[in-house]
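Pulled from TrEMBL, these are the features on record:
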DOMAIN    B:75-125  domain 'NADH-Ubiquinone oxidoreductase (complex I) chain 5 N-terminal'
DOMAIN    B:141-432  domain 'NADH:quinone oxidoreductase/Mrp antiporter transmembrane'
TRANSMEM  B:12-29  transmembrane segment
TRANSMEM  B:41-59  transmembrane segment
TRANSMEM  B:91-112  transmembrane segment
TRANSMEM  B:124-142  transmembrane segment
TRANSMEM  B:148-167  transmembrane segment
TRANSMEM  B:187-205  transmembrane segment
TRANSMEM  B:257-278  transmembrane segment
TRANSMEM  B:290-308  transmembrane segment
TRANSMEM  B:347-368  transmembrane segment
TRANSMEM  B:380-401  transmembrane segment
TRANSMEM  B:421-441  transmembrane segment
TRANSMEM  B:503-526  transmembrane segment
Amino acid sequence: MGFPLLTIALLAPIIGALILMFVPEDEHRTIKGISAFFTGISLILSLVAYFGYDFALGGYQFVEDLVWIKEIGVTYAMGVDGISLPMLLLTNLIGFSAVFASWNVNKRPKTFFVLLLLLIAGVMGTFISRDLFIFFLFYEVVVIPLYIMVVIWGSTKRVTKEYAGMKLTIYLLIGSAFLLVGVIALYLNAFPVGERTFLIEKLAQAQMSDSFQIFAFLLLLIGFGSLLSMFPFHSWSPDGYAGAPTAVSMIHAGVLKKIGGYGLIRIGLLVLPVGAKFWAPVIAVLAVCNVAYAAMIALAQKDLKYVVGYSSVSHMGYVLIGFAALNVIGINGAIANMFAHGVMSALFFAMIGFVYEKTHTRWIPDMGGLAHQMPRAAIGLMMAGMASLGLPGLVSFIPEFTIFIGAFKVYPVLATICISAIIITALYTLRALANVLFGPRRPEFDQYQDAKGPELVPLVVLGSVLVLAGFFPSLLMDMVNSGVEPMLKPLMDTLNSAPAIGGGF
Amino acid sequence: MSFAQFSLNNAWLIPMLPFIGFLLIVTFFKRMEKTASTTAIIFSAMSLALALGVVAAIAQRPELIEEPFVRSFRWFSMPGLEISMGMMVDTVAAVMLFVVTLVATMVMIYSTGYMHGDPGYTRFFAYLCLFASSMLGLVIATNLLQMFVFWELVGLCSYLLIGYYYFKDSAREAAKKAFMTTRIGDFGLLLGIVVLQLNLGTLEFTELAEKLPAFAAAKPALLTLIGTLIFIGPIGKSGQFPLHVWLPDAMEGPSPVSALIHAATMVVAGVYLVARLFTLFHVSPEAQHLVAYIGGFTAFFAASIALTQREMKRILAYSTVSQLGYMMMALGVGSLTASMFHLMTHAFFKALMFLAAGSALHALHGTADIFEMGGLRKKMPWTAAFMVIGMLAIAGIPPFAGFWSKDEILLMTKLHGFTDLYILASLTAFMTAFYMSRMVFVAFFGPENPKNHPHESPASMLFPMSVLAVLAVVGGLVGTPWTEHGFGYWVRFGEYHHPEADWTVMGGSVVLAVAGIALAWAIYGAKVIDAEKLKQRTGFLHTLSFRKFFIDEIYQWFNEKIVTGAGKMLYWVDLHIVDGLIDGMAYITGKFGEQLRLTQTGQLQHYALVLVGAIVLLVLLMGIVGADSAMALMGGGR
């Protein structure tokens with residue numbers, strides 16, 4: 001085993017959190033500086049992983065194996081491939097930006113940043129572990145800081161922050177209850193006593209009956225689906241994001257909910273291909289509900305965060321239908337789109353958070369003409385909005401196009417509905433942006449300053465990723481494909497021969 | 001290597017140079033006005049030089065008419081989907097490269113005068129550079145997806161420039177409307193691209209040209225569908241009926257923008273796309289007929305609205321819609337040559353007219369209504385002269401540029417047997433001559449309005465107009481029926497047929513044009529016919545035309561009531577039914593928990609009771625199913 005790159009990346013925020021415990025509460029700058037430093041280390045290490053990853057070789061790289069609990073087959077197994085590497089990168093891009101987006105948090109900053117660092121570490125752990133037990137462990141770690149952060153630093157608008165925090169947590173927990181049952185069933189069913197293991201790549205080789213796969217996949221679908229805000233388990237998402245503080249909205253919408261899509265692919269599809277094939281048509285239909293229904297609702301929103309909240313639900317529909325296509329192109333698109341949406345929504349929430357921090361309003365009718373006072377924030381919001389409506393040259397166009405190609409092959413009618421949603425998406429995005437940024441100058445906003453110094457970091461970091469991956473999509477797509485192609489190839493026969501619910505439609 | 005050869009080999013520099021200009025302005029020259037505009041002009045002029053080099057190179061290599069010059073690289077790929085980016089230069093692209101770089105350079109020079117003193121001066125030039133770059137990228141696209149990428153980017157620039165005066169509510173709304181309306185078209189285009197990719201496995205223009213004939217023979221209905229879907233994109237972008245509504249509103253942008261984007265270049269992208277996919281429309285007669293009839297109808301319809309409009313730029317905008325209809329119709333009846341020829345001449349004279357209009361509006365500080373102008377020719381002789389040249393060109397008076405290209409379109413429409421469209425197009429030509437001369441007579445002739453204090457524009461504005469004016473006069477001579485190896489020899493699809501001059505078509509269109517001008521003179525110049533009476537006489541028709549057939553109102557109603565209404569309704573459903581269901585479940589769980597809590601009494605005898613009860617149950621269970629199974633059921637095992 002060589003240099004434990006992934007472990008260090010994972011430990012950096014945890015060490016940061018430990019150090020923060022010994023920093024006095026009123027040393028605001030030190031607290032923020034330490035947080036930035038340690039998330040920065042993780043970001044640099046994940047960039048090292050990206051540039052060091054051999055795309056031609058594919059498969060898991062930077063592998064670490066350490067038997068932990070031999071009796072039940074738990075291994076501290078780390079590693080990244082073309083599917084988890086974009087998620088690792090995304091986590092740290094957003095985590096680093098989230099620290100700077102919280103630069104003006106002055107209410108109990110020590111606790112806030114400790115929790116933030118733990119949250120980042122928890123999310124990162126789920127993506128880089130190759131062991132289902134460890135995956136689940138990190139997933140549960142995430143819940144605790146999330147709840148506390150919403151309840152203490154959140155904001156009360158349509159719903160109270162307590163309600164929002166509770167809703168967010170309960171959905172996560174209900175989802176994880178289904179997951180837990182599914183995971184245990186999988187563990188017990190895959191291998192006889194003595195050979196049992198939680199290693200995902202081993203589980204994928206187990207022979208499991210079709211009926212079991214169908215049953216277990218359903219459990220995972222409910223669990224991961226509600227995390228991914230799949231219709232009808234989506235309503236936590238707008239309320240939760242609205243109540244949460246900026247950093248939590250960024251991390252939750254940006255990466256945390258992607259654990260759902262990641263899990264569906266990594267565990268659902270890889271380990272239970274027959275189950276995935278069986279339920280795929282149902283997922284496709286629900287995906288269309290996500291895309292079209294949530295986009296329509298976003299039209300009716302007046303709170304900026306609710307617009308983005310419903311928009312995020314809508315975009316997850318693209319991920320789901322790309323997944324449901326169960327072909328190389330669709331899954332490539334689904335994973336790439338998780339990355340794209342992560343960058344875009346994190347930037348969106350960062351900018352909204354910034355504007356809200358200054359103006360204390362997110363109510364669209366009360367805003368207007370902010371491009372006069374905050375041209376930089378306006379650029380950030382425009383970039384995020386344009387990425388959201390799938391403008392070519394920004395990160396999300398190619399993933400969406402790829403999904404459309406993959407999905408149309410299998411579900412032409414459903415895919416057409418999804419494509420038509422680009423009109424509604426443009427409508428609500430442009431409406432919100434126009435009403436917030438443009439129009440006559442409002443003197444009541446003249447006292448507020450534009451983003452500067454550390455406040456600009458999220459815009460610069462996420463904005464440059466947005467443009468770079470938009471102009472050079474192969475930076476993203478080659479990485480994703482290096483994971484998807486070898487993963488799907490051995491599964492193709494099973495996927496083609498297995499029955500789908502209702503014979504597929 | 002000659003300069004021409006260098007230009008052809010490095011045609012990718014043509015879009016790249018303005019992009020570099022854009023980057024320089026936004027990173028270094030944000031506060032240096034003079035430097036910013038000079039940078040923009042220099043980079044754009046270098047592109048123009050390269051574009052001329054490309055034209056010269058092609059003139060030396062006639063084989064490029066049939067075999068485009070292609071260079072590309074892999075943009076991204078995965079099994080089953082390979083997309084490249086690159087450059088494809090043939091005569092059609094060369095014409096566009098020349099037109100776009102020329103008009104862009106002229107408009108930039110003009111803008112140094114027009115935008116002088118504007119607080120967003122450098123931002124304006126940055127946007128113009130970005131636009132020029134995107135538009136040129138679109139022109140040299142090697143495949144449909146690359147074209148779509150730049151297609152959307154020019155749409156973005158158009159959005160930003162229409163909303164340039166973002167502090168004005170009207171500009172903000174117009175920008176949004178432009179984006180949304182073209183977005184509807186883009187949905188069709190994107191869907192068409194997806195279906196095309198899935199059925200033919202490629203989006204490269206050269207490969208499509210090879211594969212399409214066989215595909216058309218095998219699946220004609222599917223190809224018609226693909227053609228129709230793709231054509232929705234150009235309907236939106238090129239302002240064809242029924243998605244034309246955004247273009248007149250787009251006049252909220254500064255006049256140079258209207259000249260560059262909303263007259264000469266971006267709005268013809270739709271025409272260019274159909275021309276690029278001529279291999280597809282050529283083998284799909286139904287789709288091609290759709291193009292012809294949508295184009296023909298749009299030409300007529302927009303002209304009928306332009307008859308009664310009062311704002312100068314709005315008249316020009318409807319005239320643009322109408323002329324775009326001509327170009328579309330030419331493609332639909334099967335003449336790539338006529339369409340591209342008119343595209344080029346239209347760029348000259350329409351850009352000229354918009355710049356002249358800008359010059360007038362600039363002098364009048366925002367008076368837009370032509371009936372409040374009057375007699376401008378006295379104080380603004382140059383502007384008036386340019387406007388008259390533009391008017392004569394668009395009306396189709398020989399030997400001005402518009403005459404030759406319009407004649408070619410009419411001729412081809414008649415030759416290919418579209419008699420109905422020929423009559424419609426001729427009527428449109430009459431109306432065009434009428435409303436354009438009406439505008440000129442009302443605004444530039446007659447008595448001066450004492451409220452106005454116009455003055456002639458500076459040389460920086462007059463120079464670019466004079467360049468365009470020269471081209472509007474002589475630009476059509478490259479394609480007269482008497483030109484040897486003229487425009488039609490170079491820009492064509494299939495075999496070269498030298499068109500014979502058709503005196504009836506030519507004579508007919510001249511008579512109609514003169515009649516239109518004469519009628520306008522009779523009403524607005526000599527005032528032989530009373531305009532007010534005419535208005536009352538035509539009553540309902542006049543209202544219909546003046547209110548643009550109420551199409552904007554219908555769309556607005558649909559958008560506000562139906563679409564947004566549905567959104568509000570679904571939001572209610574989401575809050576009360578979908579979320580209500582989940583909240584209801586939480587409520588039930590809560591109640592259940594409360595009941596369950598009652599069992600936690602803290603009294604030992606209650607717990608003992610439960611314990612005994614459980615043992616009794618367990619024993620009973622063992623008795624019924626056997627000890628082993630009962631243990632297994634309880635979760636134990638050996």
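Every residue, even glycine, has its Cβ placed from backbone N, Cα and C.
Remember, TrEMBL labels are computer predictions, not curated facts.
Break the domain 'NADH-Ubiquinone oxidoreductase (complex I) chain 5 N-terminal' (B:75-125) down by DSSP state and the numbers are 29 helix, 13 strand, 9 coil.
The list of residues near the transmembrane segment (B:347-368) in space but at least 6 beyond its ends in sequence, with Cβ under 8 angstroms from a Cβ of it, reads 99, 102-103, 106-107, 110, 114, 254-256, 258-260, 262-265, 268, 311-314, 316, 319-320, 323, 376, 379-380, 383, 386-387, 389-391, 393-394, 400-402, 443, 452, 454-457, 461-462, 464-465, 468-469, 471-472, 475. Over the domain 'NADH-Ubiquinone oxidoreductase (complex I) chain 5 N-terminal' (B:75-125), the average per-residue pLDDT in this prediction is 92. Between the transmembrane segment (B:380-401) and the transmembrane segment (B:124-142) there are fewer than 3 Cβ pairs closer than 8 Å, counting only residues 6 or more apart in sequence, so the two stretches are not in contact. Contact counts against the transmembrane segment (B:503-526), taken as Cβ pairs under 8 Å, peak for B:421-441 among the stretches B:12-29, B:290-308, B:421-441.
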